[in-house]
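Asker: Before I ask anything, let me first share the structure, which is written out below as C-alpha cells.
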Amino acid sequence: NGHGTIWMDDTNCTGMETTLATCPARAWGHNNCYHAEDAGVVCSGSDVSRFAPIRLVDGPGDCAGRVEVFLRDRWGTVCDDSWDFLDAKVVCRQLGCGVVVSAPRRAQFGQGQGPIWLENVHCSGTEAGLSECRASSWGLHGCGHQEDASVVCS
C-alpha cells in the first residue's frame, strides 16, 4: 500500500496515450479509493526494468547532477572512488540523456543523503545500465557524501 494523496481514480486508458496523466480519469486528486486499492504494473521486455533505477539531482537540468540509485526502497548516492568518464557514459545512456560531457567528483552538485550504495564503480562504457557495471558490494563503502559522484550529459 502507498501513502499520501491518491492522484488518479477511474482511469480509462486506451493504450495510445503517451503518458498516464493524459488518460481519461476523474479530476486530478479526486477519488473514492483507499490505498488498499493502489494499482501496480509489471512490465516485460523492457531493458529499463533490468537495472536499478537512477536519477541525476541538484543539477541545472534533468541530464546533469549528483548520481543517485534506488535500491531497497531508498535513494542513495554513488561514491566517486574510481569514478570516470566511462561510468558517466553509462549513466547518460541509461537515462537517455545523450553523450557524457563530464564526470565530476567531490560532490560537485552538493552532498546527498541516505545510503551510499556504490563505490569503486568500473564500467567498460558499453553497459546499458549502471547496475551492470562492476563495483563493490551494494552498500559497502569507505566514503562520505563529500565524495558523491556526478554526471553532466549532453
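A Cβ is built for glycine as well, from the same backbone N, Cα and C atoms used for every other residue.
Pulled the feature table from TrEMBL, pasting it below:
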- C13-C23: disulfide bond (DISULFID)
- C79-C143: disulfide bond (DISULFID)
- C92-C153: disulfide bond (DISULFID)
- C123-C133: disulfide bond (DISULFID)
- 1-44: domain 'SRCR' (DOMAIN)
- 54-154: domain 'SRCR' (DOMAIN)
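Map the listed features onto the structure and describe their local environment.
Answerer: Annotation for C13 (disulfide bond): spatial neighbours L20, C23, P24, criterion Cβ-Cβ under 8 Å with sequence separation of six or more.
Other Cβ atoms within 10 Å of the Cβ of C79 (disulfide bond), summed over all protein chains shown, number 24.
Counting every protein chain shown, the number of other Cβ atoms lying within 10 Å of the Cβ of C92 (disulfide bond) is 21.
Neighbours of C133 (disulfide bond), defined as other CB atoms within 10 A of its CB across all chains, total 19.
Helix, strand and coil counts from DSSP across the domain 'SRCR' (1-44) read 6 helix, 0 strand, 38 coil.
Taken through DSSP, the domain 'SRCR' (54-154) splits into 17 helix, 35 strand, 49 coil.
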Asker: Just checking, which of C23, C153 (disulfide-bonded residues) has the fewest C-beta atoms within 10 Å of its C-beta?
Answerer: C23
Asker: Sorry to bug you, but what's the C-alpha spacing from C92 (disulfide bond) to C123 (disulfide bond), rounded to the closest Å?
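Answerer: Pair distance, Cα basis, whole Å: 13 Å.
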Asker: So if I draw a 10 Å sphere around the Cβ of C123 (disulfide bond), how many other Cβ atoms end up inside it?
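Answerer: There are 23 of them.
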